[in-house]
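What follows is one structure encoded as C-alpha cells, with my remarks underneath.
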Amino acid sequence: MLEIFITHRLLLFVEASRATMIIIRTFLFFLVIMATTKIALMEEQTYIIHMDKTKITDSDHQQYYQAVIDSITKLSSQEEEEENKTPTPQLLYIYETAISGFAAKLSTNQLKSLNQVDGFLFATPDELLSLHTTHTPQFLGLQNGKGLWSASNSASDVIVGLVDTGIWPEHVSFQDSGMSRVPSRWKGTCEEGTRFSFSNCNKKLIGARAFVQGYEAIVGRVNETVDYRSPRDSNGHGTHTASTAAGNFVNQASLFGLAKGSASGMKYTARIAAYKACWTLGCANSDVMAAIESAVADGVDILSLSLGGVSKPYYKDNIAIASFGAIQHGVSVSCSAGNSGPSRSSVSNAAPWIMTVAASYSDRSFPTAVKLGDGQIFEGSSLYSGKKTKQLPLVYNRTAGSQGAEYCFEGSLVKKLVKGKIVVCEGGIYSRTGVGEKVKKAGGAGMLLLNSEDEGEELLADAHILPATSLGASAAKAIRKYVGSAKKPSALIVFQGTVYGNTAPVMAALSSRGPNSAGPDVIKPDVTAPGVDILAAWPPNISPSMLESDNRSVLFNIISGTSMSCPHVSGLASLLKSVHRDWSPAAIKSALMTTAYTLNNKGAPIADIGSTSTSKSATPFAFGSGHVDPENAADPGLVYDITAEDYLFYLCSLSYNSSQIALFSSGVNFTCPKNAVLQPGDLNYPSFSVLFSKDARNMSVTYKRAVKNVGKIPSTYAVQVKEPTGVSVTVEPRSLGFKKMGEKLSYKVSFVALGGPTLTNSSFGTLTWVSGKYRVGSPIAVTWL
C-alpha cells in the first residue's frame, strides 16, 4: 500500500513547475520499476520440475515432493518481506512413470530456491500447445479378411491411448458389440465429470481421463458452458483422431452424402483409452505430461499425440522427455509433424524415438468448378453439398464494401453491394468457414475463397454454410485480374461431389518440413500418411463448420492436418504390434519407415504442392522415408532396432551434460563414456542425415548401422545406392548373409563431399538392401551448413 499512497500524494503536484514535474515523473518511474520488480518476484507461474530419480530418498513420492515444496517455501520466504510473502505453492501433478518430477505454481524466488534442492535438474515454464476415414484404409492397401485385417490378426488386446480433446463415448464408432473382455493387464479407469460417468466406458472405450490443473493455472477455471470438465469432447478433434486410429467398422458413413462408404479405424478391433489434456484455448504442457504419465502406467501399447509446439532442444522439450519414458516401457509414440509447412525447418516433435508423421493427400477429392463470365474455368474444393449456383454477379474489395472488404472483415461488407452476389474473399484472417459466415450474414449468395501466394495451390475442402469454394494461388491471381478488368464480372460454382482416382499421394503444403532444427543429424519427419480431407467420427452437438451459427448435426466430419495423419500411423503401429508382440517401438518404427514408398499411383515421384522447385517433387524433408505401406511393413525383412541406451549414447554425442542426460535416464546411473568417439550419425536410425560445411571438399564421414533379420532364412541382401548430387557413397560390406532369425549384422557407410553445396544446400539419395521380395530402403539427406 505504500507505493499507492506515495503516488497519490505526488499526483497533487500536477500544477508544479516543469522542473518539478520532471523530478516527479522520474520518481514515479522509479516507483513503477520498483513495484514491477517486486511483483515479478512475487508473481506465480506454473513450472514443470524435472528431478533426478536416483536422488529421491522417499518411496512415497507425494510425501517427498511435498517436503521439497516446504523446503523451497522456507528458503524463499527468507528473501521476501513479511507483507509480500507469496502463498505456498500447490502441487498440480507428480510424475513418476514416464518422467520424474512434478508440476507446481511457483514464484520467481521459489523457483530460484530449487537450485538448492539436491536432485533438481531442470524447470520449464508451462505453456499452451496447439492441436496440430471411409477411403483411407483401402488407399493404404488394407482389405477386410486379408493380411493385417485377416481374422487371425484381429485380436483386440492392443490398447491405443490418445492425448487429445477427449471423446464422444456414445458414438457408434466406439460401441463394443462382439468384443471380448477388457485385457486383465489394463490398470486404467473411467473418470467421472461433467456429462461423463463410469458407464460411458465399455469394452471398446476402456479408459477415459481428464487433465485440467495445468490449463486452469494458466487460463482460469474451465467455462463449463463451452467445454466439459471431464473426458467428454467439446471440440471434435479427439473424437475424430480416436476413430481414425481405432474406431469400429461403420457402414454407410458420410458427410452429407460425400465420401460415402464404410468407415473404420486402422486397427478397428483395438481398445481405446482417451486422455483429455486439450481444452478451448489449447493444451497445457503439464497436463500433457500427466496424460502421458497416466497412459503409460495404465498399460497402453501405443500413444498418439496430434499436438505440439515449436521445435526446441530435446532436453527442453517436455514431450520428447515424456515420450522417451514411454518407449522405455515399450510404448510406441506417434506425433504429428505440425501444420507450419511448407516453411523449411518447421517440423516439431522431432526426437528420434518419436514417430513423426507428415500429411499428404489420398486419391479422393471434393472438387468444384468455377466458371467466370469470360469463359475461364478453375478447379477448387468444397464440402458444400447443395446445388450449383446460377451465373451471379461477382464482387470484390471496393465493389463489395468498405476498407477490409477484400478480406471480408466483420462489418466491411455492405449488404446492398453483396446481396444475391458471389463475394470474392482473401483467406488467412478468419477460419475458412468463418469467412463464409461473414459473407452469408451480409446477404451474399456465394463465396470464392482465394489462396495467397504463400498458401500456393493447397486445396482444402470445408463444410461451408453457403455455396463456397477454395481456390489455389494461380486461380486466385486470374480471378483478381478478371474482377478488376471486367465491366460486369460474374461467376458460377458447380459442386462435383466425391471424386476418386486422383494422382496420389501428394504432399500437403501445410505439413511441416525438415531439416530437423533440434537435431539435424536425424531426418524428420519420418513418414507421411493421409491427412487431407479425412472423414472420421464427430460429436453430434458440434457443427461440421464449427460455427455457432451452424445448427447442422453430423456423425462424421471431414477435416485436414497432420493431426489426421498421425492417428493413421498410430493405428498402423497397433496393427504391427498385434502381429509382432515382441517388437520394440524402434522395430515397429523401422518397419514402417524402410517399407515406405516414394512413387505415386501413376509411377512418378511423389509431388509436393508446397514445393517451389521446378520439378515439384517431394524430398525426405517433406515425407521422410516416404508414404506408409502397412502390409509390407508387417513383413519388412530387416529392422533397425534401437535400445534406450543407444538413445542415451546419441544424447551424449550431442554434448549434453550430466543433468540433461539425467532427464532421460529414468533413475539409471548412466554416464557418458569419457574417451569414446561418439557421433550423432551412428545412431542406428533407418535413415541417413549427413552434414557438411559449405567449404567441404573431399571431406568424408562414416556411419555405422546394424540390421536384424526378421524375414526369411537363409537370406542374402545386396546393397543398392542412389548417390546424392555432389556426394559419393561407399558401403562395406556390400552384401549381408543371414543364417538365422533375429541375427544382427553390421555395415558401414562412407560419404565423401565431392564439391560445394547445391543451389538449395541439400541433395538426396537412397540406400536399399535387396533380397528377393524384400526392399529395405533408407533415405539419404545431405545438407551443407
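Including glycine, each Cβ sits where the backbone N, Cα and C put it.
For Asp164 (among others), the entry in TrEMBL reads active site, charge relay system. Other Cβ atoms within 10 Å of the Cβ of Asp164 (active site, charge relay system), summed over all protein chains shown, number 29.
Sequence annotations record features per position, and here TrEMBL assigns active site, charge relay system to His237 (among others).
For Ser563 (active site, charge relay system), the count of additional Cβ atoms within 10 Å of its Cβ stands at 29 [all protein chains shown]. Residues annotated as active site, charge relay system in TrEMBL: Ser563 (among others).
Counting residue by residue with DSSP, the domain 'Inhibitor I9' (46-132) contains 32 helix, 28 strand, 27 coil. Annotated domain 'Inhibitor I9' per TrEMBL: 46-132, in sequence order.
Mean model confidence of the domain 'Peptidase S8/S53' (156-625) amounts to 96 (pLDDT, 0 to 100 scale). Feature annotation from TrEMBL assigns domain 'Peptidase S8/S53' to 156-625.
The annotation domain 'PA' is assigned in TrEMBL to 391-479.
The DSSP breakdown of the domain 'Subtilisin-like protease fibronectin type-III' (682-782) into helical (H, G, I), extended (E, B) and coil residues amounts to 1 helix, 62 strand, 38 coil. According to TrEMBL, the domain 'Subtilisin-like protease fibronectin type-III' annotation covers 682-782.
Taken from TrEMBL, the feature transmembrane segment applies to 21-41.
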Ser563 (active site, charge relay system) and Asp164 (active site, charge relay system), distance between Cα atoms, whole Å: 10
DSSP helix/strand/coil residue counts for the domain 'PA' (391-479): 27 helix, 21 strand, 41 coil
Rounded Cα-Cα span from His237 (active site, charge relay system) to Ser563 (active site, charge relay system), Å: 8
Neighbouring C-beta atoms (10 Å sphere around the C-beta of His237 (active site, charge relay system)): 24
